[in-house]
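Here is the structure we will look at, set down as structure tokens.
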Amino acid sequence: MTVREAADLLLKARKVVVFTGAGVSAESGIPTFRDALTGLWARFDAQALATPEAFEADPALVYGWYEWRRTVVGRARPNAAHTAIAKIEAAIPGTVVVTQNVDALHEQAGSVSPIHLHGSLYAPRCSSCAEPATPPDGPGDEPADGRRLTPPACEHCGAPVRPGVVWFGEALPMDALEAAVAAAADCDLLITVGTSGVVYPAAEIPQVAARFGAPVIQVNPLPTPLDDICTVNLRGPAAEVLPELVLSLPPTAAR
Ligand code: BJW
Ligand code: ZN
């Protein structure tokens with residue numbers, strides 16, 4: 001299937017949802033989770049780092065790992081895929097960006113208020129009273145990826161501060177999930193970019209759009225479980241495929 005077929009869908013669309021995963025930030029140098037050799041879960045144990053039980057058992061291990069992640073992400077810059085998505089948003093005002101990513105590269109590329117389904121590395125909060133905590137200044141001092149770091153104490157109750165991300169077994173932020181489902185149910189095109197589509201309930205978002213009759217374009221170098229619901233599967237890296245797709249938009253708005 002070709003970029004031309006996808007471009008025809010994009011040109012007709014008035015309400016677009018762009019649903020992104022770690023692959024959209026891969027070409028900014030941020031590792032994905034499940035890519036076979038380079039993904040975070042190939043090197044680290046998700047159960048020991050990305051669950052509430054892990055934080056309870058060893059807050060310094062988990063906090064240190066997330067500070068390393070925040071340093072890596074803080075030094076990254078948006079790539080051509082983030083920029084192309086912001087251009088789609090500028091050209092088609094009814095566009096909603098829904099991301100599973102905890103970086104801020106969509107915002108840095110110019111996307112306005114993307115919906116963050118899995119939280120953010122920049123929104124730490126108290127692990128007990130949930131009060132927001134002040135994010136540390138700057139990109140961090142690059143602790144080694146395994147270095148323990150005692151989390152700061154909450155200013156209100158003294159409990160350890162935790163990363164503001166959604167771990168396995170935790171509910172997604174209700175307002176974000178509801179807004180994403182509503183946008184998917186109401187869109188006339190969904191573009192899914194760089195996600196393996198295996199983590200729920202986020203993976204429902206493209207499926208909701210398809211159930212409500214919207215065509216779905218997928219941008220991913222590899223097949224995913226979402227292939228079957230997609231109208232067009234564009235196999236390739238997002239930073240190559242999306243700029244090509246955006247070339248189909250009217251010149252003034254798209255560039
Ligand atoms: C490129 C590219 C390039 C590469 N260009 N593309 C059994 C069945 C079904 C569900 C479950 C189950 N057992 C447990 C569950 C539930 C669980 C779940 O889904 N688990 C599955 C993994 C089995 N879900 C949860 O626990 C969720 N919560 C929940 O269900 O709560 C229930 C509840 C309700 C009420 C009260 C209480 C509880 C929460 C899920 C949270 C996920 N968290 C993480 C970590 C976030 C923090 C952090 O960053 O550390 O979110 S895990 C990780 O996966 C992260 C991601 O957002 C998420 C999705 O990953 P993503 O983005 O798709 O990345 P990858 O690596 O998987 O894929 C990258 C893709 O890019 C690949 O396809 C590449 O090919 C591609 N690619 N280069 C384009 N250049
Ligand atoms: Zn507190």
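A Cβ is built for glycine as well, from the same backbone N, Cα and C atoms used for every other residue.
As recorded in TrEMBL, the features of this protein are as follows:
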ACT_SITE  His118  active site, proton acceptor
BINDING   Tyr66, Arg69  substrate binding site
BINDING   Gln100, Asn101, Val102, Asp103, Gly194, Thr195, Ser196, Asn220, Pro221, Leu222, Ala238  NAD(+) binding site
BINDING   Cys126, Cys129, Cys154, Cys157  Zn(2+) binding site
DOMAIN    1-255  domain 'Deacetylase sirtuin-type'
REGION    128-149  region 'Disordered'
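Feature annotations (TrEMBL) mapped to structure.
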residue	record	CB count, 10 Å
Arg69	substrate binding site	21
Gln100	NAD(+) binding site	25
Val102	NAD(+) binding site	24
His118	active site, proton acceptor	20
Cys126	Zn(2+) binding site	21
Cys129	Zn(2+) binding site	11
Cys154	Zn(2+) binding site	21
Cys157	Zn(2+) binding site	12
Gly194	NAD(+) binding site	27
Pro221	NAD(+) binding site	15
Practice item. By CA-CA distance, flag whichever of Tyr66, Gly194, Ser196, Pro221, Ala238 among the binding-site residues is nearest to Cys126 (Zn(2+) binding site). Key: Tyr66
Exercise for review: For ligand 1, pick out the binding-site residues Val102, Cys126, Cys129, Cys154 that have a CB under 6 angstroms away from one of its atoms.
Suggested key: Val102
Review point. Which binding-site residues of Val102, Cys154, Cys157 contact ligand 2 in the sense of C-beta under 6 Å?
Key: Cys154, Cys157
**Study point:** Cβ-centroid neighbours of Zn(2+) site Cys126, Cys129, Cys154, Cys157, 8 Å, sequence order
**Key:** Ser127, Ser128, Ala130, Glu131, Glu155, His156, Gly158, Ala159, Val161
Practice item. Please give the average pLDDT for the domain 'Deacetylase sirtuin-type' (1-255) in this predicted model. Key: 95
Point to revise | Length of the line joining the Cα atoms of Ala238 (NAD(+) binding site) and His118 (active site, proton acceptor), in Å | key: 21
Study note, to complete from the structure: Here the 10 Å Cβ neighbour count for Ala238 (NAD(+) binding site) comes out at 27
Practice item. Cα within 10 Å of Gln100 (NAD(+) binding site) is the criterion; apply it to the binding-site residues Tyr66, Arg69, Cys129, Cys154, Cys157 and give the hits in sequence order. Key: none
